[in-house]
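Novice: Structure below; questions to follow.
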Amino acid sequence: MDVQTLMAASAGAVASRLLCHPIDTITVHKQTIGKFSFKTMPLKAYYRGLPISLTLITPATCLYLSTYVEAKRRFKPSVGEGAILYSICGMTAEVVSSFVWTPLEVIKARTQISQKGSVINTISTLARSEGLKGFYRGYWMGVAIYLPTTVSWWVCYEESKKYLQKQSNWDISVIAPICSALGTVVATTISTPLDIVKTRYQVATSSAMRKAEYGLQAEKELGILEIAKLLFSKHGVKGFTRGLFTRMCYIMPSGMISMSVFESFKSKDID
C-alpha cells in the first residue's frame, strides 16, 4: 500500500465525515433516546463527537481499505476474482479495523447524546466508570453485525462495478458512487436492526440513555438480549428499524464520497 493510496483514503474519509456527521448525530439520537427536534437542538450539537471522529476516522478508514487491498492482493491468486474473494477480503478488513472502529463508535455515540457534548468528558467518565473494556463495549457484536454487512456491501460494490465497467465508458469517479450507493442500500437494510441494539448497548450505561429509556432498571448492567427485549416491549418491531432512512442518508453519501475519491486515485492499484 503506497502513500498515495493512504492519502486518497484519508481525503475521502475526512470529506465524508465533515459533510455527513450531522446526519449521523440525528441517527444516533433516534436509535437511542428516540427523541429529536430541529427546533430544540442547537446547531453546534449536530457536530458533537466530530473531533474524535476526525481523529480516528482517518486511520480507521486507512486501516480498513489497506487491509482490504492487501488481502485482495494476497488471496486473488489462489481464490480467483469473484464473490468469494470479495467476501474473504471484506471480512478480514472488518475484523482488523474493528479494533479502531469500536472505541470510536462508543465515544462518538456517547458524546452525541450527551448534554455536555465534550469528548474529553466522555472519555474520562467512561475510563473512570468502566475502564478499558468500556471502550470496547459491543466489539464482538459489532463484528457479528458488520461481517455480513461488509460482505454484502463489497460483493454488491465489486460485482456492479465490473458490470458497469463492461457495459459503459463511464469514468471510475462516476461508477464508484453508483456502486457504493447500491451496496449501501443492501447492507444497511440487513444491518440496521442489529446496529440499533449494538448502539443502545454501547451507550446503555450513559446517564442520558438511562434517563430516557431504562428508568429504574438502569442501575443494573443490561445485557444485549435484555436491551433487545426492552426495545421490543416498548416499541415493537418498528423499534428495530428506528433511524433506518436517516442512517441510510448518512452512510450512502459518506460511502459515495469516500469511494469516489479513493477509486479516482487508486483504481489501478485495486484492480
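Note that Cβ sites are derived from N, Cα and C of the backbone, with glycine treated the same way.
Annotations per Swiss-Prot:
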- 3-74: repeat 'Solcar 1' (REPEAT)
- 81-163: repeat 'Solcar 2' (REPEAT)
- 171-268: repeat 'Solcar 3' (REPEAT)
- 5-26: transmembrane segment (TRANSMEM)
- 49-69: transmembrane segment (TRANSMEM)
- 84-104: transmembrane segment (TRANSMEM)
- 138-158: transmembrane segment (TRANSMEM)
- 170-190: transmembrane segment (TRANSMEM)
- 240-261: transmembrane segment (TRANSMEM)
Novice: Can you name the far-off residues of the same chain, 6+ from the ends of the transmembrane segment (240-261), with a Cβ under 8 Å from a Cβ of it?
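Specialist: Cβ under 8 Å, 6 or more out: 8-9, 11-13, 15-17, 19-20, 23-24, 26-28, 30-31, 34, 61, 157, 173, 176-177, 179-181, 183-185, 188-189, 192-193, 195-197, 231-232.
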Novice: Work out, from DSSP, the number of helix, strand and coil residues along the repeat 'Solcar 1' (3-74).
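Specialist: Computed counts for the repeat 'Solcar 1' (3-74) are 59 helix, 0 strand, 13 coil.
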Novice: Per DSSP, how many helix, strand and coil residues does the repeat 'Solcar 2' (81-163) have?
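Specialist: Summed by class, the stretch gives 72 helix, 0 strand, 11 coil.
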